[in-house]
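Only one structure is covered here, and it is reproduced in the block below.
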Amino acid sequence: MIIRDVELVKVARTPGDYPPPLKGEVAFVGRSNVGKSSLLNALFNRKIAFVSKTPGKTRSINFYLVNSKYYFVDLPGYGYAKVSKKERMLWKRLVEDYFKNRWSLQMVFLLVDGRIPPQDSDLMMVEWMKSLNIPFTIVLTKMDKVKMSERAKKLEEHRKVFSKYGEYTIIPTSSVTGEGISELLDLISTLLKEN
């Protein structure tokens, strides 16, 4: 997939406040500070998604219109300890509404930090998406920070944990080196063309 143009067209802060569905869309979700905005910028090949050093900055669902016909959707990060219980409930309601009501959603890309074992919040997200029958692919981020001698071990560690929930594609990526970006774009292209 060649991304020719990208535009942030909607910032949704309340359930149902979404743009009309298009031909297809994919969404990206992960723990706060997992590198979601950096990965989106790498996919877009331009800096359009805001990257923050402060975890938990994305408190909305951001819809990026790609090539004037698809949405790439940036979901708010989860698992940030300094967020109040009320904010966590608002996040859950917003994301659950999105998952249940976007018929054009082809795939969710679950971003997981490749440097560390999957966290409890990642596994809860897997269970939640499975319970809602949401198709997802696991994307390991920050792989440039994993030593070459440890990569096979880290990949196997993630495969072993996630295999308890079923068979899932795992794509190692780095927004710094570009690793996995073309593979991810190819998968997205296939998904969107099938729609």
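Cβ coordinates come from backbone N, Cα and C, glycine included.
What Swiss-Prot annotates here:
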type	residues	note
BINDING	30-37, 56-60, 74-77, 141-144, 173-175	GTP binding site
BINDING	Ser37, Thr58	Mg(2+) binding site
DOMAIN	22-194	domain 'EngB-type G'
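Pro76 (GTP binding site) is 10 Å away from Ser37 (Mg(2+) binding site) when you measure Cα to Cα. Under the three-state DSSP scheme, Thr173 (GTP binding site) falls in the coil class. Within 10 Å of the C-beta atom of Lys142 (GTP binding site) sit 22 other C-beta atoms, taking all shown protein chains into account. DSSP gives Gly30 (GTP binding site) a strand state. Residues near Thr173 (GTP binding site) in space but far in sequence (CB under 8 A, at least 6 apart, same chain), listed by position: Leu39, Ala42, Gly114, Val139, Leu140, Thr141, Met143, Glu179, Gly180, Ile181, Leu184. Cβ crowding, taken as the number of other Cβ atoms within 10 Å, peaks at Ser37 among the binding-site residues Asn33, Ser37, Ser60. In this view, Gly30 (GTP binding site) is surrounded by 25 other Cβ atoms within 10 Å of its Cβ, with every protein chain counted.
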